[in-house]
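Inspection log for the structure reproduced underneath, given as C-alpha coordinates.
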Amino acid sequence: MSSHTTAKPILEISGLSAHIGGQQVVEDVSFTVPATGITALLGRNGVGKTSTIKALIGLIDRTGRVELDGRRIDNEPTWKLIRRGVGYVPEDREVFSKLTVAENLRLAERDAHPRRQLVDELFPDLVKRSGQLAGTLSGGQQQMVSLARALLNDNKVLLIDEPTKGLAPKIVQEVAEALEQAAATVPILLVEQNLQVVRRLAGDAVVLSGGRVVHTGSALEFLDDADLTQRLLGVHADGEAETPAAAQEGAAR
Amino acid sequence: MSTVVLLFVTGLGLGALYFLVASGLSLSYGLMGVLNFAHGSFLTLGAFAGWEVARRTGADSWWTFLLSILIGAAVGALFAAFTELVLIRRLYERHIEQVLITVGLSLATVALFEGIWGTDPVFIDGPAWFSQTTSLLGAQIPNDRFISIIAAALVLLGMVLFLKRTRYGMIIRAGVENRSMVTALGIDVRKAFTLVFTIGGAAAGLGGVLASHYFGYVSPLLGGSLLIFAFIVTVIGGLGSLTGAAVASVVVALLQQFANFYLFGTGDFVVVIALALVLLFRPSGLLGRKS
(Lines of atoms letter the chains of each structure in order from A and count residues from 1; the text may use other names and numbers.)
(Lines give C-alpha, C1' and ligand atoms only; values in the text may rest on other atoms or scores of the structure.)
Protein backbone atom coordinates (compact mmCIF):
# COMPACT_ATOMS: atom_id res chain seq x y z
CA MET A 1 0.00 0.00 0.00
CA SER A 2 1.11 3.63 0.29
CA SER A 3 4.29 4.51 2.03
CA HIS A 4 4.75 6.61 5.13
CA THR A 5 3.19 9.97 4.28
CA THR A 6 4.15 13.48 5.27
CA ALA A 7 0.85 15.11 4.25
CA LYS A 8 -0.77 17.63 6.59
CA PRO A 9 -2.48 15.65 9.33
CA ILE A 10 -6.26 15.50 9.54
CA LEU A 11 -6.15 14.44 13.18
CA GLU A 12 -3.59 15.60 15.74
CA ILE A 13 -3.57 14.03 19.17
CA SER A 14 -1.31 15.34 21.90
CA GLY A 15 -1.03 14.35 25.54
CA LEU A 16 -4.19 12.23 25.44
CA SER A 17 -4.88 10.37 28.67
CA ALA A 18 -8.02 8.48 29.57
CA HIS A 19 -9.55 6.72 32.54
CA ILE A 20 -12.18 4.05 32.96
CA GLY A 21 -13.54 3.59 36.47
CA GLY A 22 -10.61 5.48 37.95
CA GLN A 23 -8.03 3.31 36.16
CA GLN A 24 -5.74 4.92 33.60
CA VAL A 25 -6.08 3.13 30.25
CA VAL A 26 -4.40 5.67 27.94
CA GLU A 27 -1.35 7.61 29.08
CA ASP A 28 -0.03 10.74 27.44
CA VAL A 29 -0.60 9.50 23.89
CA SER A 30 0.47 11.77 21.01
CA PHE A 31 0.36 11.02 17.30
CA THR A 32 -1.06 12.32 14.05
CA VAL A 33 -3.26 10.84 11.36
CA PRO A 34 -2.41 11.94 7.80
CA ALA A 35 -5.11 13.39 5.58
CA THR A 36 -4.90 10.48 3.16
CA GLY A 37 -4.77 6.71 3.39
CA ILE A 38 -5.07 4.34 6.30
CA THR A 39 -3.13 4.67 9.53
CA ALA A 40 -3.05 1.50 11.62
CA LEU A 41 -3.20 1.73 15.39
CA LEU A 42 -1.47 -1.41 16.58
CA GLY A 43 -0.51 -3.11 19.81
CA ARG A 44 -1.03 -6.22 21.84
CA ASN A 45 -4.40 -7.03 23.37
CA GLY A 46 -5.29 -4.65 26.16
CA VAL A 47 -2.72 -1.92 25.47
CA GLY A 48 -5.40 0.73 25.05
CA LYS A 49 -6.17 0.87 21.32
CA THR A 50 -9.94 0.81 21.70
CA SER A 51 -9.71 3.16 24.69
CA THR A 52 -7.65 5.57 22.60
CA ILE A 53 -10.33 5.60 19.88
CA LYS A 54 -13.08 6.08 22.46
CA ALA A 55 -11.12 8.81 24.20
CA LEU A 56 -10.64 10.62 20.89
CA ILE A 57 -14.37 11.08 20.54
CA GLY A 58 -15.15 11.55 24.22
CA LEU A 59 -16.89 8.26 24.90
CA ILE A 60 -14.69 7.85 27.97
CA ASP A 61 -13.27 10.48 30.33
CA ARG A 62 -10.11 11.98 28.91
CA THR A 63 -7.67 14.85 29.04
CA GLY A 64 -5.34 16.15 26.38
CA ARG A 65 -5.71 17.85 23.04
CA VAL A 66 -7.40 16.57 19.89
CA GLU A 67 -7.54 18.60 16.70
CA LEU A 68 -9.59 17.71 13.64
CA ASP A 69 -8.40 19.48 10.49
CA GLY A 70 -6.79 22.17 12.63
CA ARG A 71 -9.82 22.70 14.86
CA ARG A 72 -9.75 21.71 18.49
CA ILE A 73 -12.54 19.18 19.28
CA ASP A 74 -11.62 17.72 22.65
CA ASN A 75 -13.73 20.33 24.43
CA GLU A 76 -16.89 19.36 22.57
CA PRO A 77 -19.46 16.69 23.41
CA THR A 78 -19.30 13.50 21.38
CA TRP A 79 -22.35 14.17 19.21
CA LYS A 80 -21.03 17.58 18.22
CA LEU A 81 -17.50 16.54 17.30
CA ILE A 82 -18.89 13.60 15.33
CA ARG A 83 -20.96 16.09 13.31
CA ARG A 84 -17.75 17.95 12.46
CA GLY A 85 -16.86 14.99 10.28
CA VAL A 86 -15.79 11.97 12.32
CA GLY A 87 -17.15 8.55 11.41
CA TYR A 88 -16.91 5.87 14.08
CA VAL A 89 -17.12 2.12 13.61
CA PRO A 90 -16.92 0.53 17.06
CA GLU A 91 -15.41 -2.76 18.08
CA ASP A 92 -18.12 -5.45 18.12
CA ARG A 93 -20.22 -3.46 15.60
CA GLU A 94 -22.80 -2.17 18.10
CA VAL A 95 -25.64 -2.19 15.60
CA PHE A 96 -29.07 -1.51 17.05
CA SER A 97 -30.39 -5.04 17.13
CA LYS A 98 -34.07 -4.14 17.44
CA LEU A 99 -33.97 -1.71 14.53
CA THR A 100 -34.05 -2.85 10.94
CA VAL A 101 -31.05 -2.49 8.66
CA ALA A 102 -32.76 0.43 6.94
CA GLU A 103 -33.46 2.11 10.30
CA ASN A 104 -29.85 1.62 11.42
CA LEU A 105 -28.72 3.41 8.27
CA ARG A 106 -31.35 6.18 8.41
CA LEU A 107 -30.39 6.88 12.01
CA ALA A 108 -26.78 7.42 10.95
CA GLU A 109 -27.61 9.89 8.18
CA ARG A 110 -26.32 13.33 9.13
CA ASP A 111 -25.97 14.98 5.77
CA ALA A 112 -28.78 16.31 3.61
CA HIS A 113 -27.57 14.06 0.80
CA PRO A 114 -26.22 10.86 2.34
CA ARG A 115 -24.00 8.71 0.15
CA ARG A 116 -26.59 6.01 -0.39
CA GLN A 117 -25.31 4.98 -3.77
CA LEU A 118 -21.79 4.35 -2.46
CA VAL A 119 -23.11 2.27 0.42
CA ASP A 120 -25.46 0.29 -1.81
CA GLU A 121 -22.58 -0.46 -4.21
CA LEU A 122 -20.22 -1.49 -1.44
CA PHE A 123 -22.76 -3.59 0.45
CA PRO A 124 -25.43 -4.86 -1.97
CA ASP A 125 -26.46 -7.52 0.55
CA LEU A 126 -27.74 -4.80 2.87
CA VAL A 127 -30.12 -3.54 0.22
CA LYS A 128 -31.75 -6.97 0.08
CA ARG A 129 -31.93 -7.13 3.85
CA SER A 130 -33.10 -3.59 4.52
CA GLY A 131 -36.27 -4.72 6.31
CA GLN A 132 -34.49 -7.31 8.47
CA LEU A 133 -33.81 -6.67 12.15
CA ALA A 134 -30.09 -5.97 12.55
CA GLY A 135 -29.92 -8.31 15.53
CA THR A 136 -30.75 -11.25 13.28
CA LEU A 137 -27.86 -10.62 10.87
CA SER A 138 -24.64 -12.63 10.85
CA GLY A 139 -21.50 -11.08 12.34
CA GLY A 140 -20.20 -10.18 8.88
CA GLN A 141 -23.48 -8.58 7.85
CA GLN A 142 -23.60 -6.59 11.09
CA GLN A 143 -20.08 -5.38 10.34
CA MET A 144 -21.32 -4.20 6.94
CA VAL A 145 -24.09 -2.23 8.65
CA SER A 146 -21.61 -0.72 11.07
CA LEU A 147 -19.26 0.30 8.24
CA ALA A 148 -22.15 1.55 6.10
CA ARG A 149 -23.33 3.84 8.91
CA ALA A 150 -19.95 5.56 8.90
CA LEU A 151 -19.64 5.71 5.12
CA LEU A 152 -23.06 7.29 4.60
CA ASN A 153 -21.76 10.70 5.59
CA ASP A 154 -19.12 12.93 4.13
CA ASN A 155 -16.57 12.54 6.92
CA LYS A 156 -13.14 14.07 7.34
CA VAL A 157 -11.81 10.95 9.06
CA LEU A 158 -13.03 7.48 9.97
CA LEU A 159 -12.14 5.74 13.23
CA ILE A 160 -12.56 2.01 12.68
CA ASP A 161 -12.03 -0.42 15.51
CA GLU A 162 -11.24 -4.06 14.69
CA PRO A 163 -13.57 -4.44 11.71
CA THR A 164 -12.45 -8.00 10.93
CA LYS A 165 -12.66 -9.34 14.46
CA GLY A 166 -14.37 -12.71 14.59
CA LEU A 167 -15.17 -12.82 10.88
CA ALA A 168 -14.67 -15.70 8.47
CA PRO A 169 -11.69 -15.31 6.06
CA LYS A 170 -13.97 -14.68 3.07
CA ILE A 171 -15.79 -11.91 4.92
CA VAL A 172 -12.46 -10.47 6.08
CA GLN A 173 -11.52 -10.09 2.42
CA GLU A 174 -14.80 -8.33 1.66
CA VAL A 175 -14.35 -5.97 4.59
CA ALA A 176 -10.77 -5.25 3.53
CA GLU A 177 -11.94 -4.44 0.01
CA ALA A 178 -14.63 -2.11 1.35
CA LEU A 179 -12.03 -0.36 3.53
CA GLU A 180 -9.70 -0.03 0.59
CA GLN A 181 -12.40 1.65 -1.47
CA ALA A 182 -13.44 3.87 1.41
CA ALA A 183 -9.85 4.96 1.99
CA ALA A 184 -9.76 6.36 -1.51
CA THR A 185 -12.09 9.13 -0.36
CA VAL A 186 -11.49 9.53 3.37
CA PRO A 187 -8.54 8.99 5.73
CA ILE A 188 -8.92 6.16 8.21
CA LEU A 189 -7.48 5.42 11.63
CA LEU A 190 -7.75 1.65 11.84
CA VAL A 191 -7.38 -0.59 14.85
CA GLU A 192 -6.70 -4.04 13.48
CA GLN A 193 -5.23 -7.28 14.85
CA ASN A 194 -5.11 -9.04 11.50
CA LEU A 195 -1.66 -8.07 10.26
CA GLN A 196 -2.33 -9.33 6.74
CA VAL A 197 -5.11 -6.77 6.50
CA VAL A 198 -2.82 -4.12 7.95
CA ARG A 199 -0.11 -5.02 5.47
CA ARG A 200 -2.59 -4.77 2.61
CA LEU A 201 -4.21 -1.50 3.64
CA ALA A 202 -2.15 0.67 5.95
CA GLY A 203 0.39 3.28 4.96
CA ASP A 204 1.36 4.34 8.45
CA ALA A 205 1.42 2.63 11.80
CA VAL A 206 1.19 3.88 15.35
CA VAL A 207 2.08 1.24 17.93
CA LEU A 208 0.91 1.35 21.53
CA SER A 209 2.28 -0.45 24.51
CA GLY A 210 1.10 -0.02 28.07
CA GLY A 211 -1.20 2.82 27.05
CA ARG A 212 1.67 4.79 25.44
CA VAL A 213 2.88 5.32 21.88
CA VAL A 214 6.10 3.35 21.43
CA HIS A 215 6.56 3.48 17.67
CA THR A 216 5.34 5.46 14.67
CA GLY A 217 6.29 5.18 11.03
CA SER A 218 5.65 3.26 7.84
CA ALA A 219 3.37 0.27 8.40
CA LEU A 220 5.24 -1.92 5.92
CA GLU A 221 8.63 -1.12 7.37
CA PHE A 222 7.31 -1.91 10.83
CA LEU A 223 5.78 -5.21 9.75
CA ASP A 224 8.94 -6.17 7.89
CA ASP A 225 11.00 -5.73 11.05
CA ALA A 226 10.65 -9.14 12.67
CA ASP A 227 12.35 -8.17 15.91
CA LEU A 228 10.21 -5.06 16.33
CA THR A 229 6.91 -6.78 15.65
CA GLN A 230 7.89 -9.64 17.93
CA ARG A 231 8.77 -7.20 20.71
CA LEU A 232 5.82 -4.81 20.35
CA LEU A 233 3.05 -7.05 19.07
CA GLY A 234 4.14 -10.44 20.27
CA VAL A 235 3.81 -11.93 16.79
CA HIS A 236 6.19 -13.30 14.21
CA ALA A 237 7.19 -11.09 11.33
CA ASP A 238 4.81 -12.87 8.96
CA GLY A 239 2.03 -11.47 11.07
CA GLU A 240 0.35 -14.63 12.28
CA ALA A 241 0.50 -16.58 15.52
CA GLU A 242 0.79 -14.71 18.78
CA THR A 243 3.25 -16.38 21.11
CA PRO A 244 1.79 -18.05 24.19
CA ALA A 245 3.65 -15.57 26.38
CA ALA A 246 2.21 -12.63 24.51
CA ALA A 247 -1.27 -14.06 24.57
CA GLN A 248 -0.94 -14.60 28.29
CA GLU A 249 0.22 -11.03 28.76
CA GLY A 250 -2.65 -9.72 26.67
CA ALA A 251 -5.18 -11.74 28.60
CA ALA A 252 -3.77 -10.53 31.88
CA ARG A 253 -4.27 -6.88 30.98
CA MET B 1 -69.95 -14.98 35.53
CA SER B 2 -71.11 -11.38 35.92
CA THR B 3 -68.71 -10.91 38.85
CA VAL B 4 -65.80 -12.14 36.74
CA VAL B 5 -66.74 -9.77 33.93
CA LEU B 6 -67.09 -6.86 36.34
CA LEU B 7 -63.71 -7.62 37.94
CA PHE B 8 -62.12 -8.05 34.53
CA VAL B 9 -63.34 -4.77 33.06
CA THR B 10 -62.69 -2.85 36.27
CA GLY B 11 -59.22 -4.40 36.33
CA LEU B 12 -58.64 -3.28 32.76
CA GLY B 13 -59.68 0.25 33.76
CA LEU B 14 -57.23 0.23 36.66
CA GLY B 15 -54.57 -1.26 34.39
CA ALA B 16 -55.19 1.59 31.98
CA LEU B 17 -54.32 4.09 34.73
CA TYR B 18 -51.22 2.11 35.68
CA PHE B 19 -50.13 2.10 32.06
CA LEU B 20 -50.55 5.86 31.69
CA VAL B 21 -48.16 6.36 34.62
CA ALA B 22 -45.82 3.46 33.89
CA SER B 23 -45.26 4.18 30.18
CA GLY B 24 -43.35 7.39 30.89
CA LEU B 25 -41.44 5.81 33.76
CA SER B 26 -40.40 2.87 31.64
CA LEU B 27 -39.24 4.94 28.68
CA SER B 28 -37.34 7.44 30.82
CA TYR B 29 -35.53 4.65 32.64
CA GLY B 30 -34.88 2.71 29.45
CA LEU B 31 -33.42 5.67 27.60
CA MET B 32 -31.86 7.74 30.34
CA GLY B 33 -31.44 5.38 33.27
CA VAL B 34 -33.45 7.80 35.38
CA LEU B 35 -35.71 6.38 38.08
CA ASN B 36 -38.06 9.32 38.42
CA PHE B 37 -39.71 9.31 41.84
CA ALA B 38 -41.36 12.65 41.01
CA HIS B 39 -43.39 11.12 38.18
CA GLY B 40 -46.45 10.85 40.42
CA SER B 41 -46.35 14.62 40.90
CA PHE B 42 -46.94 15.08 37.15
CA LEU B 43 -50.07 12.98 37.57
CA THR B 44 -51.29 14.85 40.65
CA LEU B 45 -50.76 18.26 39.09
CA GLY B 46 -52.53 17.12 35.90
CA ALA B 47 -55.45 15.89 38.01
CA PHE B 48 -55.74 19.16 39.92
CA ALA B 49 -55.47 21.15 36.69
CA GLY B 50 -58.26 19.05 35.19
CA TRP B 51 -60.36 19.54 38.31
CA GLU B 52 -59.82 23.32 38.20
CA VAL B 53 -61.02 23.35 34.58
CA ALA B 54 -64.05 21.23 35.47
CA ARG B 55 -65.17 23.30 38.46
CA ARG B 56 -64.78 26.58 36.57
CA THR B 57 -66.53 25.54 33.37
CA GLY B 58 -69.21 23.07 34.47
CA ALA B 59 -68.21 19.57 35.47
CA ASP B 60 -71.15 17.78 33.85
CA SER B 61 -70.28 18.75 30.29
CA TRP B 62 -68.49 16.43 27.88
CA TRP B 63 -66.67 19.44 26.41
CA THR B 64 -65.44 20.35 29.87
CA PHE B 65 -64.23 16.77 30.35
CA LEU B 66 -62.36 16.81 27.04
CA LEU B 67 -60.88 20.21 27.86
CA SER B 68 -59.82 19.01 31.31
CA ILE B 69 -58.06 16.03 29.71
CA LEU B 70 -56.17 18.31 27.34
CA ILE B 71 -55.24 20.76 30.08
CA GLY B 72 -54.23 17.94 32.45
CA ALA B 73 -51.98 16.39 29.80
CA ALA B 74 -50.48 19.77 28.85
CA VAL B 75 -49.75 20.69 32.46
CA GLY B 76 -48.21 17.27 33.12
CA ALA B 77 -46.07 17.66 29.98
CA LEU B 78 -44.87 21.15 30.91
CA PHE B 79 -44.05 20.17 34.47
CA ALA B 80 -42.14 17.13 33.22
CA ALA B 81 -40.20 19.13 30.63
CA PHE B 82 -39.32 21.72 33.28
CA THR B 83 -38.15 18.98 35.64
CA GLU B 84 -35.94 17.40 32.99
CA LEU B 85 -34.41 20.64 31.76
CA VAL B 86 -33.82 22.28 35.14
CA LEU B 87 -33.20 19.42 37.55
CA ILE B 88 -32.40 16.14 35.80
CA ARG B 89 -30.26 17.26 32.86
CA ARG B 90 -27.31 18.16 35.06
CA LEU B 91 -27.45 14.82 36.82
CA TYR B 92 -27.24 12.22 34.05
CA GLU B 93 -25.02 9.29 35.09
CA ARG B 94 -25.27 10.49 38.71
CA HIS B 95 -27.90 8.06 39.89
CA ILE B 96 -27.78 8.73 43.62
CA GLU B 97 -28.27 12.45 43.05
CA GLN B 98 -31.13 11.70 40.64
CA VAL B 99 -32.92 9.63 43.26
CA LEU B 100 -32.36 12.29 45.92
CA ILE B 101 -33.63 15.13 43.76
CA THR B 102 -36.68 13.30 42.40
CA VAL B 103 -37.65 12.01 45.86
CA GLY B 104 -37.16 15.54 47.19
CA LEU B 105 -39.27 16.98 44.39
CA SER B 106 -42.08 14.50 45.02
CA LEU B 107 -42.14 15.37 48.73
CA ALA B 108 -41.95 19.10 48.04
CA THR B 109 -44.74 19.01 45.47
CA VAL B 110 -47.06 17.07 47.79
CA ALA B 111 -46.48 19.79 50.40
CA LEU B 112 -47.04 22.47 47.75
CA PHE B 113 -50.27 20.87 46.53
CA GLU B 114 -51.49 20.55 50.14
CA GLY B 115 -50.76 24.23 50.59
CA ILE B 116 -52.74 25.18 47.50
CA TRP B 117 -55.63 22.68 47.51
CA GLY B 118 -55.65 21.44 51.13
CA THR B 119 -54.95 18.01 52.58
CA ASP B 120 -58.46 16.59 52.18
CA PRO B 121 -59.55 14.83 49.00
CA VAL B 122 -61.45 17.04 46.58
CA PHE B 123 -64.45 15.18 45.14
CA ILE B 124 -65.05 15.49 41.43
CA ASP B 125 -68.04 15.12 39.11
CA GLY B 126 -68.06 14.36 35.43
CA PRO B 127 -70.67 14.00 32.72
CA ALA B 128 -73.76 12.17 34.00
CA TRP B 129 -72.93 9.16 31.81
CA PHE B 130 -69.84 8.52 33.96
CA SER B 131 -71.90 7.65 37.01
CA GLN B 132 -74.16 5.33 35.06
CA THR B 133 -73.46 1.71 34.20
CA THR B 134 -73.52 -0.36 31.05
CA SER B 135 -74.68 -3.97 31.06
CA LEU B 136 -72.05 -6.34 29.68
CA LEU B 137 -72.55 -10.12 29.83
CA GLY B 138 -74.78 -9.67 32.84
CA ALA B 139 -72.42 -7.34 34.70
CA GLN B 140 -73.18 -3.68 35.36
CA ILE B 141 -69.92 -1.89 34.45
CA PRO B 142 -69.37 1.72 35.62
CA ASN B 143 -68.99 3.74 32.43
CA ASP B 144 -65.89 5.68 33.49
CA ARG B 145 -63.90 2.40 33.27
CA PHE B 146 -64.49 2.35 29.52
CA ILE B 147 -63.15 5.90 29.21
CA SER B 148 -59.89 4.95 30.94
CA ILE B 149 -59.49 1.85 28.81
CA ILE B 150 -60.13 3.69 25.55
CA ALA B 151 -57.82 6.58 26.52
CA ALA B 152 -54.97 4.21 27.47
CA ALA B 153 -55.43 2.21 24.26
CA LEU B 154 -55.24 5.43 22.22
CA VAL B 155 -52.15 6.59 24.12
CA LEU B 156 -50.49 3.19 23.57
CA LEU B 157 -51.34 3.33 19.87
CA GLY B 158 -50.06 6.91 19.60
CA MET B 159 -46.82 6.05 21.39
CA VAL B 160 -46.23 2.97 19.26
CA LEU B 161 -46.81 4.95 16.06
CA PHE B 162 -44.52 7.70 17.33
CA LEU B 163 -41.78 5.22 18.21
CA LYS B 164 -42.11 3.27 14.96
CA ARG B 165 -42.79 6.01 12.42
CA THR B 166 -40.82 9.10 13.45
CA ARG B 167 -37.10 9.86 13.53
CA TYR B 168 -37.28 10.82 17.20
CA GLY B 169 -39.08 7.56 17.88
CA MET B 170 -36.23 5.75 16.15
CA ILE B 171 -33.68 7.68 18.23
CA ILE B 172 -35.52 6.73 21.41
CA ARG B 173 -35.69 3.03 20.46
CA ALA B 174 -32.02 3.03 19.57
CA GLY B 175 -31.14 4.99 22.71
CA VAL B 176 -32.94 2.50 24.94
CA GLU B 177 -30.68 -0.17 23.41
CA ASN B 178 -27.35 1.68 23.30
CA ARG B 179 -27.31 5.35 24.26
CA SER B 180 -23.60 5.98 23.75
CA MET B 181 -23.71 4.58 20.21
CA VAL B 182 -26.56 6.97 19.35
CA THR B 183 -24.33 9.80 20.54
CA ALA B 184 -21.45 8.37 18.50
CA LEU B 185 -23.61 8.73 15.39
CA GLY B 186 -23.67 12.49 15.96
CA ILE B 187 -27.12 12.68 17.55
CA ASP B 188 -27.76 15.01 20.47
CA VAL B 189 -29.58 12.48 22.58
CA ARG B 190 -30.49 15.11 25.20
CA LYS B 191 -33.33 16.33 22.98
CA ALA B 192 -34.74 12.83 23.00
CA PHE B 193 -34.40 12.82 26.80
CA THR B 194 -36.50 15.96 27.10
CA LEU B 195 -39.03 14.61 24.63
CA VAL B 196 -39.41 11.32 26.51
CA PHE B 197 -39.88 13.16 29.78
CA THR B 198 -42.46 15.45 28.17
CA ILE B 199 -44.41 12.58 26.62
CA GLY B 200 -44.32 10.68 29.89
CA GLY B 201 -45.52 13.78 31.74
CA ALA B 202 -48.40 14.23 29.29
CA ALA B 203 -49.47 10.61 29.74
CA ALA B 204 -49.25 10.99 33.52
CA GLY B 205 -51.25 14.25 33.44
CA LEU B 206 -53.91 12.57 31.32
CA GLY B 207 -53.84 9.63 33.71
CA GLY B 208 -54.35 12.06 36.59
CA VAL B 209 -57.58 13.43 35.13
CA LEU B 210 -58.86 9.92 34.38
CA ALA B 211 -57.80 8.65 37.81
CA SER B 212 -59.73 11.47 39.47
CA HIS B 213 -62.87 10.26 37.69
CA TYR B 214 -62.05 6.58 38.34
CA PHE B 215 -61.64 7.13 42.09
CA GLY B 216 -64.07 10.10 42.29
CA TYR B 217 -61.59 12.48 43.94
CA VAL B 218 -58.30 14.32 43.66
CA SER B 219 -55.81 14.55 46.49
CA PRO B 220 -52.17 15.58 46.82
CA LEU B 221 -51.32 11.93 47.48
CA LEU B 222 -53.07 10.55 44.39
CA GLY B 223 -49.92 10.40 42.25
CA GLY B 224 -47.81 8.82 44.96
CA SER B 225 -50.28 5.99 45.55
CA LEU B 226 -50.44 5.15 41.84
CA LEU B 227 -46.68 5.59 41.40
CA ILE B 228 -45.90 2.62 43.63
CA PHE B 229 -47.89 0.29 41.40
CA ALA B 230 -46.53 1.98 38.28
CA PHE B 231 -42.99 1.15 39.45
CA ILE B 232 -44.03 -2.46 40.01
CA VAL B 233 -45.58 -2.52 36.54
CA THR B 234 -42.42 -1.04 35.03
CA VAL B 235 -40.20 -3.69 36.62
CA ILE B 236 -42.52 -6.58 35.78
CA GLY B 237 -42.98 -5.37 32.20
CA GLY B 238 -39.26 -4.81 31.66
CA LEU B 239 -37.55 -1.46 32.05
CA GLY B 240 -37.60 0.40 28.77
CA SER B 241 -40.32 -1.72 27.13
CA LEU B 242 -43.53 0.11 26.27
CA THR B 243 -45.30 -3.09 25.27
CA GLY B 244 -44.05 -4.70 28.46
CA ALA B 245 -45.52 -1.83 30.48
CA ALA B 246 -48.88 -2.28 28.74
CA VAL B 247 -48.96 -6.04 29.34
CA ALA B 248 -47.76 -5.74 32.94
CA SER B 249 -50.30 -2.99 33.69
CA VAL B 250 -53.14 -5.32 32.76
CA VAL B 251 -51.60 -8.32 34.57
CA VAL B 252 -50.96 -6.36 37.78
CA ALA B 253 -54.38 -4.71 37.84
CA LEU B 254 -56.25 -7.96 37.13
CA LEU B 255 -54.24 -9.82 39.77
CA GLN B 256 -55.04 -7.07 42.23
CA GLN B 257 -58.75 -7.01 41.45
CA PHE B 258 -59.28 -10.76 41.49
CA ALA B 259 -57.15 -11.31 44.59
CA ASN B 260 -58.98 -8.54 46.42
CA PHE B 261 -62.30 -10.19 45.65
CA TYR B 262 -61.48 -13.88 45.89
CA LEU B 263 -58.52 -13.90 48.31
CA PHE B 264 -59.87 -11.71 51.10
CA GLY B 265 -58.51 -8.34 50.06
CA THR B 266 -54.94 -9.52 49.48
CA GLY B 267 -54.57 -7.80 46.09
CA ASP B 268 -51.58 -5.65 47.02
CA PHE B 269 -49.86 -8.62 48.67
CA VAL B 270 -50.36 -10.80 45.59
CA VAL B 271 -48.91 -8.05 43.37
CA VAL B 272 -45.79 -7.87 45.54
CA ILE B 273 -45.45 -11.67 45.36
CA ALA B 274 -45.71 -11.42 41.56
CA LEU B 275 -43.00 -8.75 41.59
CA ALA B 276 -40.74 -10.97 43.72
CA LEU B 277 -41.27 -13.93 41.39
CA VAL B 278 -40.40 -11.85 38.34
CA LEU B 279 -37.27 -10.49 40.02
CA LEU B 280 -36.21 -14.00 41.00
CA PHE B 281 -36.92 -15.85 37.78
CA ARG B 282 -36.97 -13.19 35.06
CA PRO B 283 -35.12 -10.13 36.38
CA SER B 284 -35.24 -8.36 33.01
CA GLY B 285 -39.05 -8.40 33.19
CA LEU B 286 -41.62 -9.95 30.89
CA LEU B 287 -40.50 -8.11 27.76
CA GLY B 288 -37.35 -6.30 28.89
CA ARG B 289 -33.94 -6.64 27.31
CA LYS B 290 -31.56 -9.14 28.83
CA SER B 291 -28.76 -7.49 30.77
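Any Cβ shown, glycine's included, is placed from N, Cα and C.
Outside the transmembrane segment (B:6-27) by six or more residues, the chain places 35-36, 39-40, 42-43, 80, 136, 139-142, 144-146, 148-149, 151-153, 155-156, 159, 172, 176, 196-197, 199-201, 203-204, 206-207, 210-211, 214, 223, 226-227, 229-231, 233-234, 237-242, 244-246, 248-254, 256-258, 261 with a CB less than 8 A from a CB of the stretch. The feature transmembrane segment is assigned by TrEMBL to B:6-27 (among others).
Among the features that TrEMBL reports, transmembrane segment is placed at B:34-51 (among others).
Marked as transmembrane segment by TrEMBL: B:63-87 (among others).
Residues or ranges marked as transmembrane segment by TrEMBL: B:99-117 (among others). Within the chain, the transmembrane segment (B:99-117) has long-range Cβ neighbours (under 8 A, six or more residues past its boundaries) at 34-41, 44-45, 48, 83, 87-88, 91, 218, 220-221, 223-224, 227.
The transmembrane segment annotation in TrEMBL covers B:146-163 (among others).
The transmembrane segment annotation in TrEMBL covers B:192-215 (among others).
According to TrEMBL, the feature transmembrane segment maps to B:227-254 (among others). Under 8 Å from some Cβ of the transmembrane segment (B:227-254) lie the Cβ atoms of residues 7-8, 11-16, 18-19, 21-23, 25-27, 29-31, 37, 39-40, 43, 106, 152, 156, 159-160, 163, 176, 271-272, 274-275, 278-279, 284-289, all in the same chain and six or more residues away from its ends.
The feature transmembrane segment is assigned by TrEMBL to B:261-281 (among others). Away from its own ends, the transmembrane segment (B:261-281) comes close to residues 3, 7, 229, 232, 235-236, 251-252, 255 of its chain (Cβ-Cβ under 8 Å, at least six residues beyond either end).
For the transmembrane segment (B:34-51), the partner stretch with the most Cβ pairs below 8 Å, chosen from B:63-87, B:146-163, B:192-215, is B:192-215.
Sequence-distant neighbours of the transmembrane segment (B:63-87) (same chain, 6+ residues past either end, Cβ-Cβ under 8 Å): 24, 36, 38, 41-43, 45-47, 49-51, 53-54, 57, 101-102, 105, 126-127, 151, 193-194, 197-206, 208-210. Residues 9, 12-17, 19-20, 23, 69, 130, 134, 169-170, 172-173, 199, 203, 206, 210, 213-214, 242-243, 246, 249 of the same chain lie 6+ residues outside the transmembrane segment (B:146-163) yet bring a C-beta within less than 8 angstroms of a C-beta in it. Non-local neighbours of the transmembrane segment (B:192-215) in the same chain are 13-14, 16-17, 20-21, 23-25, 27-28, 31-32, 36, 39-40, 42-51, 68-69, 72-81, 83-85, 88-89, 92, 124, 126, 130, 144-145, 147-148, 151, 155, 159, 162, 168, 171-172, 175, 182, 222-223, 226; each lies 6+ residues outside the stretch with a CB under 8 Å from one of its CB atoms.
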